[in-house]
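Engineer: Before I ask anything, here is the structure I am working with.
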């Protein structure tokens, strides 16, 4: 359990204390990643099934790595090689996999709400690895962990989220999590890529990049979610990059010296971020990847029965 939760589906459901429970444990889990032998017996005998209906590099390999470091058995399942291609429904697929007695189902799906639907029909814990444009809770948690690690705290800090906010599940999870930890959130991007009603969550909305990043402690750059967009919402990527992309000159002129830059990946280099910025000293993008393993170790440990036992990490 994570606090009162059997599942990890949306950070909208999580309290400040529940978010801190995960990232505090992730700090301990990260220590395991620094060891010569990256293996602990915490989840020996447990099974984690990764159920991915969308392409993924970082998230799926991160969950698989997290499970294996904790000594759990990890099964990777993809829709292209399954009975889904023969017309099997999502719920039937999940029920059949649950019959194999996994402890955790990790699911990524193009439809918002798919993980919650699965959770209503299975008895094991369910973790959302991203559902449509709804949420990506483990990414939100690793962003919280990375920012706390780099900034010391999120309390009183300002985080700018820039790009295709409307179609970004990462932005939604971040937007639900950051204010609970005391951070102020600024959203910036084209008006056509800005969701309605975000002000009720405490965020301010900007269309001018310079204004949005002025004085910010961290900037999270988002790619354009072409796979979720029907009609074009911007004139073109070149024009987008000129207005909302972050290059070395803008970073040097507009960002304060201590500001760090994050990106959930994959990066469209030369569009939202120039290579010089993505690979520069402000970038903590690869730290996010490493922290993602630690955070997912914490999630699996708490949901698969590690809570209440002696953590042997």
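From the backbone N, Cα and C atoms, a Cβ is placed for every residue, glycine too.
The annotation carbamoyl phosphate binding site is assigned in Swiss-Prot to 58, 59, 108, 136, 139, 265, 266 on the grounds of sequence analysis. Per Swiss-Prot, L-aspartate binding site is recorded for 86, 169, 223.
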Engineer: Once the chains shown are all counted, how many other Cβ atoms turn up within 10 Å of the Cβ of residue 223 (L-aspartate binding site)?
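Structural biologist: Within a 10 Å radius of the Cβ of residue 223 (L-aspartate binding site) lie 19 other Cβ atoms.
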Engineer: Can you tell me which binding-site residues out of 58, 59, 108, 136, 139 are within 10 A of residue 223 (L-aspartate binding site) by Cα, answering none if there aren't any?
Structural biologist: none
Engineer: Can you tell me the CA-to-CA distance separating residue 59 (carbamoyl phosphate binding site) and residue 169 (L-aspartate binding site), as a whole number of Å?
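Structural biologist: Rounded to a whole number, the Cα-Cα distance is 13 Å.
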Engineer: Given the carbamoyl phosphate site residues 58, 59, 108, 136, 139, 265, 266, which other residues of that chain have a Cβ within 8 Å of the mean position of their Cβ atoms, reported in sequence order?
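Structural biologist: So the additional residues around the site are 56, 57, 62, 129, 130, 170, 264.
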Engineer: Restricting to the binding-site residues 58, 136, 139, which ones have a CA within 10 Å of the CA of residue 169 (L-aspartate binding site)?
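Structural biologist: If one measures from the Cα of residue 169 (L-aspartate binding site), the binding-site residues that come within 10 Å are 136, 139.
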Engineer: Mind checking which of 265, 266 has the fewest other CB atoms within 10 A of its CB? They're the binding-site residues.
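Structural biologist: Counting other Cβ atoms within 10 Å of each of the binding-site residues 265, 266 gives the minimum at 266.
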Engineer: Counting across all protein chains shown, how many other Cβ atoms sit within 10 Å of the Cβ of residue 108 (carbamoyl phosphate binding site)?
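Structural biologist: Counting Cβ neighbours of residue 108 (carbamoyl phosphate binding site) within 10 Å gives 25.
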Engineer: Specify the count of other C-beta atoms within 10 Å of the C-beta of residue 169 (L-aspartate binding site).
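Structural biologist: The answer is 25 other Cβ atoms.
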